[in-house]
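Peer 1: Submitted below is the structure of interest, expressed as structure tokens.
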Amino acid sequence: MNESVTVRGKDRYKSGVMEYKKMGYWEPDYEPKDTDVIALFRVTPQDGVDPIEASAAVAGESSTATWTVVWTDRLTAAEKYRAKCYRVDPVPNSPGQYFAYIAYDLDLFENGSIANLSASIIGNVFGFKPLKALRLEDMRLPVAYVKTFQGPATGIVVERERMDKFGRPLLGATVKPKLGLSGRNYGRVVYEALKGGLDFTKDDENINSQPFMHWRERFLYCMEAVNKAQAASGEIKGTYLNVTAGTMEEMYERAEFAKQLGSVIIMIDLVIGYTAIQSMAKWARKNDMILHLHRAGHSTYTRQRNHGVSFRVIAKWMRLAGVDHIHAGTVVGKLEGDPATTKGYYDICREDYNPANLEHGLFFDQHWASLNKLMPVASGGIHAGQMHQLLDLLGEDVVLQFGGGTIGHPMGIAAGATANRVALEAMILARNEGRDYVHEGPEILAKAAQTCTPLKAALDTWKNVSFNYESTDTPDYAPTPSVSV
């Protein structure tokens, strides 16, 4: 169906139930404006439901429609405010699923509010009965809307200047075990890891303020460790102090205490919610603090490819919201992420402009209107033996976090940190010399290990350990041959 079937005139407002595609939510001739917000949904209609009607229903229920005609539409600029589904395509290699392109007038959204944006785009419509499943795959956010957001509080360039670290990925580690350590022992882990050569250590997502370690105790021991490690190494160090708490008042209190102790970075979890994230981002910019976001909880709605929200959308929202770091996948680690999709996430974080790239899952051009860049973080199941792969796949502007790959080292935590630092420095040197470090990686590491016992022990311990499972979320596109004329 390529023509509009919208009912016009007085018949449009007759009382009763009308198909969404006839109410103006299906407009195949519509040309999206530069100022429109565009959403791409993967729609899976119930058996027997017309995909055009299902897609029009998504447009309607995520903008101005309800289940019946209401005469109060005539008191508004109804034709302007209706979301318009203008294109529906079958999803390649996925029978019964359709890509629905929907345009929303910018006036439908409050400036600078992820909460308001998401209330429409992923609100009630996700429970709509005529749909088996619904997934928000991607969005095009107009420059006029992007400019209403703060963007990353610090950004990659200023973070590197603040840390005085250039020309290589940053190195970190999550303290393990994530729960159960006393404050004193927690601080010992932080000191050993930083002294051994890491740039950062990190609280895990669920370490807040528990009976075995109060948050204030953790902050004090951690910052004592940071200061000692800085004095011992002559380098600037940091530890992500997780300020996540039950209320905003408590989070602000913890953040202020971290600032008083001289921390350069604090951390929050995605589960605190979009408004809380934006609030902490504003605090971080005001107080010259790097803000790390752990994406705890995201896989509950990002991992399944037919229902939920793609992580590429969450990455876009978090760049708008103003965090400086976000976990974005490792490819070779233990967590979900295929190479092409993960590359798309990293592009969203680090580029000023994202051209559409279906191979990477990017359906739209996206201009970031000079917002600061967001530093992606790779963590979960990575180790020194993968350094050449990580540098090749993820690039230079990334934090590589080796938690188990540092703290699980057979010679101890400091040795684990040293192994990772030496492996990285060896790989960066090889890259700068123009060597084919991707294919020569194992040889480069083996040579570096000849003069670094901790690296040799790491390579002997983890060898070729990798987590090679089929990804559940891969790009949907069908390559077609080009014809040269």
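For all residues, glycine too, the Cβ spot is worked out from N, Cα and C.
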Peer 1: ASN124, THR174, LYS178, ARG295, HIS327 bind substrate in Swiss-Prot, but which of SER55, SER63, SER233, SER379 does that record place at the same site?
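Peer 2: Substrate site check in Swiss-Prot: besides ASN124, THR174, LYS178, ARG295, HIS327, the record includes SER379 out of SER55, SER63, SER233, SER379.
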Peer 1: So if I draw a 10 Å sphere around the Cβ of THR174 (substrate binding site), how many other Cβ atoms end up inside it?
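Peer 2: Its Cβ has 24 other Cβ atoms within 10 Å.
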Peer 1: Relative to the Cβ position of GLU205 (Mg(2+) binding site), how many further Cβ atoms are located within 10 Å?
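Peer 2: A 10 Å sphere around the Cβ of GLU205 (Mg(2+) binding site) contains 20 other Cβ atoms.
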Peer 1: Taking each of ASN124, ASP204, GLU205, ARG295, HIS327, SER379 in turn, which of these binding-site residues have a Cα lying within 10 angstroms of the Cα of LYS176 (active site, proton acceptor)?
Peer 2: ASP204
Peer 1: Near LYS202 (Mg(2+) binding site), which of the binding-site residues ASN124, THR174, ARG295, HIS327, SER379 can be found within 10 Å, Cα to Cα?
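Peer 2: Checking Cα-Cα distances against LYS202 (Mg(2+) binding site), the binding-site residues within 10 Å turn out to be THR174.
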Peer 1: In whole Å, note down how far the CA of THR174 (substrate binding site) lies from the CA of GLU205 (Mg(2+) binding site).
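Peer 2: Cα-Cα distance, GLU205 (Mg(2+) binding site) to THR174 (substrate binding site): 10 Å.
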Peer 1: Please work out which residue of LYS176, LYS178, LYS202, HIS327 has the most C-beta neighbours within 10 angstroms of its C-beta, and give that one of the recorded positions.
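Peer 2: Of the recorded positions LYS176, LYS178, LYS202, HIS327, the highest Cβ count within 10 Å belongs to LYS202.
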Peer 1: Check the binding-site residues ASN124, SER379 for other C-beta atoms within 10 angstroms of each C-beta and report the one with the most.
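Peer 2: Answer returned by the neighbour count: SER379.
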